[in-house]
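A.B. asks: Positions annotated as transmembrane segment by TrEMBL: 46-66, 78-97, 109-132, 192-214, 226-254, 274-296, 342-358, 419-444, 491-513.
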Amino acid sequence: MVANSSAVDLEQRREQQQYDARVQFNEDGRRDVTAMGWCDDKLPATVTNFAAAVVAVAIVWCLLRVNTTPELMAIPGGSLASIFVLYVTGTVAGWLVGKLGGLPPLLGMMLAGIFLQNTGLYTVTGWCFHLVSTMREAALTVILIKGGLELNAGQLRQLSSVVAKLTLLPCIAEAVAAGVAAHFILPNFSLVWGLTLGFTLSAVSPAVLVPSVFRLKRLGYGEAKGINTLLIAASSLDDTVSISAFGVLLGVLFSTGSLTSKIVQGPIDVSIGIALGLVWGFILIYMPPSPWAMIYSKQGSEERNAKKSQIERSVTAKRSFLLGAGGFLAVTGSQWCGFPGAGPLACIISAFVAATGWRNRLKTQKRDNPTMSAAEDADGTEDPVVKVFECAWIGLQPVLFAFIGTDLRSELLRNGNTVFLGLVVLAFGLAIRLVVTTCSVLGAGLSRKEMLFVNIAWLPKATVQAALAPVALDIARNLGTPEDVECATQLVTIAVISILLTAPLGAFGMQLFGPRLLPKSNEQQG
């Protein structure tokens, strides 16, 4: 036993010496790993990275070709081939737009979808049509869970009145303004359909806002008065308000029965969503058991340390699966049960409750057991479950943005009346939003330039619009009348237009005017 331990220690020391020989210290005192050979230089590494991506695409294509019928993989006209080509093209277009144009990658993904749809290269029929719908709902589930996981109970309790006003007032004001305008301007748009469109449009896009704000934060802009923190916190809550209201309105739209039953459908959906989210989130706090419960059931520190990493990964995988599968079931099952508004709300609440419970239990365990290795670095570290859903979101982005581009057909674009009226509705809602946003930050100690930047940052729309608009169209096709399908189609068209216009406008505006409108912190000035 002693000999084996000595051999292991010797091997570990040898590996450490080999590693130390490959590192060097930079000017800041941090260690940089040097290349071990010519294959690790920048150019060969870039080439092999590109080659790996090409090989991966080729392998997946061959797998689909070998294991499905030739009709499904025909080009053009094959449904599976269309889905595969759209995903790959959207991913590449998003990468090119982000790297070469400095724009949000989602724009390239959407343009790829619009191009393939209107050139006849995207044709999906039969069961593949339902596959696309399921993929979209999976992407929506990931967005909802990410939003719930990123909400922090402590920060919510400490929210100032400015953040609360910035979260609620502009969102609700734009939704009501756009909804009323749509009701009176768009043909056959009821007030409920108008409000559904309004809450679809009213959400700010973290996919555009957060990277731009972080870029300014690294340069020292906006830190003096905490504007960056204000915008990030309010944007997450803003999306939650929009998604929850959207779900409730869908429940009202597609409920059957008398006018009274439709009126009470909204509160019923909210009640079911809250109850389901609380129950499922509470269950996930204790199931599966926390990592330390399994680690510290082991006798002996050596065995605990050996099993620690493996057990933590296992618990993370179980939590992620249960949270994701449960959320997906809530979103799809609520539609099947006739309560479409309950699922999204339950998804957000369950993620929030579970994440809050995990954090609180970990803090309590660390306080009671200060030497507990599983919790040594608990404070300030990101929940590994959040990282799982971040990775899932990276893979599902083309599903949202490229596939929503396919809903914008050339005949809709040729119908200038629909596009023009949609722009009027969008412009009216944004105008009201700008006024209410300015009023929301009055008295917060911000200068006029800083208030102007907040308005620019509150413009971009993308993620929530791409997630919600297709859901409304899918439900209308399954449960609604032809008039509902027409309204939902117009809703998707206006949502796509809003993304194409406001996402680059907001991204460019923050990049261009951020350094001009925001003060630079003292430590960065020096």
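Just so it is clear, glycine is given a Cβ too, placed from its N, Cα and C backbone atoms.
TrEMBL does not curate its annotations; it predicts them automatically.
Could you tell me the structural context for the features on the list?
C.D. replies: Tertiary proximity for the transmembrane segment (46-66) is limited to same-chain residues at least six positions away from its ends with a CB under 8 Å from its CB atoms, namely 39, 72-73, 80-81, 84, 88.
For the transmembrane segment (109-132), the list of distant contacts is 72, 75-80, 82-83, 85-86, 89-94, 97, 397-398, 400-410, 413, 466, 496, 499-500: same-chain residues at least six beyond its ends, Cβ to Cβ under 8 Å.
Same-chain residues lying 6+ beyond the ends of the transmembrane segment (192-214) with a Cβ under 8 Å from its Cβ atoms: 104, 106, 170-172, 174-183, 186, 222, 228, 231-232, 235-236, 238-239, 242-243, 245-246, 249-250, 252-253, 425-426, 429, 433, 457-465, 468-469, 472, 484, 487, 490-491, 494-495, 498, 503, 506-507, 510-511, 514.
Long-range contacts of the transmembrane segment (419-444) within its own chain (CB-CB distance under 8 A, at least 6 residues past either end) are made by residues 162, 165-166, 169-170, 173-175, 177-178, 181-182, 185-186, 197-198, 201-202, 412-413, 451, 454-455, 458-459, 490, 493-494, 497-498, 501-502.
Counting only same-chain residues 6+ beyond the ends of the transmembrane segment (491-513), those with a CB under 8 A from a CB of the stretch are 102-104, 106-107, 110, 114, 193, 196-197, 200-201, 205, 208-209, 212-213, 215-216, 401, 404-405, 407-408, 412, 418-419, 422-423, 425-426, 430, 452-453, 456-457, 459-462, 465-466, 468-470, 472-473.
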